[in-house]
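Some notes on the structure that comes next.
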Amino acid sequence: MKKKIIGALLSVVMIVGLVAGCSSSSSDSSSGSSAGSDALSKDNIKVGFVYIGDDSDQGYTSNFMDGTKEMKKALGLSDDQVIEKTNVGEDSSCETALRELAEGGCNIIFATSFGFEDYVMEVAGDYPDVQFCHATGYQSAASELANVHNYFSSIYEARYLTGIIAGMKTETNKIGYVAAMPYSEVISGYTAFYLGAKSVNPDVQMEVQYTNTWNDANLEAQLAQALVDDGCDVIGQHCDSAAAATTAEKAGVWQIGYNTNMIDKAPKASITSCRCDWGIYAEYAVQSLLDGKEIDKDWSQGLAENAVLVTDYNEDLMPEGAADAVEKAKQSIIDGDLHVFDTSTFTVDGKEMTTYKNDFGTEFIKDGYFHEQEIGYGGSSPAFPSDWIIDGITVKK
Amino acid sequence: MLNIILKLIVAAVIAGTPLLLGALGEILTEKSGNTNLGVEGMMYMGAVSGIAGAYFYEKAVGGNANGVVGALIALLISFLIGAFGALIYAFLTITLRANQNVTGLTLTIFGTGFGNFFGDYFGKKAGGSLVVGDAIKSAFQGVSIPVLSKIPVIGKLLFNYNWIVYFAILVAIAMAWFFNKSRVGLNLRAVGEDPGTADAAGINVTKYKYIATVVGGGICGIGGMYISMVSQGGVWVYDCVSGYGWLAVALVIFATWDSSRAILVALVFGALKIMRFYVELPIPSQFYDMAPYIVTILVLILTSMRESREHAQPKSCGTNYFREER
């Protein structure tokens, strides 16, 4: 009998641990009050978020959650007005999370990962009064649903700027890039990064390899090491963790990050990062809803609006003159004098590209440059052709 | 070409070490007749407690942390917490005779939650993320052994790793000696093969099972600590163990429960993990990820065909020993 009781107690301990481990999956529970038919105001609006990770990833999701905090502060929303679902998979658990938020009285729901889009489209049809905003997706423009919206910032502009630093820093003239998936978003990003480097260092080469997953810190570390072993001395990255930064530090090379400033994790390697400020869109969308205005079907902003930015520099590691070069390029991009994907600056298989049409027949190259993430062309979703590996970049499959 | 192969092997050793430690822990456990499927969970527990231990030591001494002391603390704490996970398992299966598979799986879920929860919790308390300082970070970097590491090729190949690599190999060799040459080791194998006979011969079955399982769990915990301290360079990352524990369980089968053979097999598994980053073959990358498991299945088939008792799972694995049911 005694043993049984102890056994039961032990099981309870395990279950408690389990619950503690999982409890972050719905950090703020709704207070249960129904969003009544009263007019929407700052006091009764409810905002939902669905994240693929949580803020311990120190990368994609924590950057997103920082934006949410900004929005909350700017609009003066209280804690129970913002419901955040964390560690939601890109599978049917996303649909469950979306429905829970909608049933819980959310007026507007943000879904933050590319793979959430199909579930957003499915759930949005059932809740026409709830606004659904999906980051990094592409389907809203062609959809008949009035309550779905896409948004994404022009992160390639900030990547171009950090690329300038990489180009000035490299001594071996070989940059490595830890890429997640062979999608347009990633390809557009590393192409911009390389073009930034090339703009200040014509001899620079870049090697890109994929982990084929968004989030596997060990694989990212191993891949970064492989790039170092191949002679790269500056590592750029597009993946969710800081593993590339810590590996670069161990190997004695430099690193330029994404999503969050990684200097605290790798003070001897991390020079700076680029990131999206997601708070700007969240604030815009919620404010529009409060004002009774239409939220844009498709939204994209960049350097000019501070929707993307370069984080603080690690002053000890910054190459001389790099800060000025970045500032100058930034101003030129904002003024419209400099276009990241200027077709005169790159070639594919030795040829300058003059035309690219997507499946809907939209021509992307006009006025001498590729119109990436522009409304009226491909929309907010990155559209850089995935089969364009520009000269100077080698991709190992 | 030689250069690439050299770098590939070095990377394979580094990638294979946590697998080796996880597998050694599981071999020791299974030799006592317990199949503990909680390797992944114990590795998580070791991963988070190792880095947390080093972090709090660093905080306690403030500024002038000694790397060696920090490394020893990480080693000790990860061992103890991994052993604690195994103790839960041991109590449930040995004393209460709960189903081994179910308990092991539960331990995996428990340990994963334990790791991610405390990693997150300590990270928040530390003001963002759980990161150790330079002194401890460098204690986990490769040590260039004087003179020896200067030998061309061999120096790079053998004498440039972090200390846990050598530690893991020592543990593997010590275990091989223990199982084959020492009386206690032979007794333990008897317990794993046939606890009834061992009991009749006067061996304390319960004691052997407890100690083997708990120490095995501790070794798994050290394997987890390797991931947070070496692979991730002293930064806690959510979900960092990500399946290494399961791969370690597969490795036990591939190594045919032989701890010295596990060294070689861990090298092969490690190589399969990182190979696609070094050599370009016209094979989709998913095949590299599948390869360890395919090989494991093949080994399972081969060993069952050979019917070699020496190289098979200890016979009593999976069944709990109850003296009155003999």
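Backbone N, Cα and C atoms are what each Cβ position is placed from, and that goes for glycine too.
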Transmembrane segment according to TrEMBL, located in which of B:130-149, B:210-229
B:210-229
Given a Cβ distance threshold of under 8 angstroms, which distant residues of the chain, six or more beyond its ends, lie next to the transmembrane segment (B:41-57)?
18, 22, 25, 65, 69-71, 73-82, 84-86, 107-112, 114-116, 118-119, 122, 126, 130-132, 136, 217-218, 220-225, 227-229, 234-236, 240-241, 244-245, 248
Who are the chain neighbours of the transmembrane segment (B:235-255) in space, where the CB to CB distance is under 8 Å and they lie at least 6 residues beyond its ends?
18-23, 25-27, 30, 37-44, 47-48, 51-52, 108, 112, 115-116, 119-120, 122-123, 129-132, 220, 223-224, 227-228, 261-262, 264-266, 268-269, 292-293, 295-296, 299-300, 313
Residues from the same chain, set at least six apart from the ends of the transmembrane segment (B:69-92), whose C-beta lies under 8 A from its own:
25, 29, 34, 36, 38, 41-43, 45-54, 57-58, 98, 103-104, 107, 110-111, 114, 132, 135-136, 139-140, 163, 209-210, 213-222, 224-225, 229
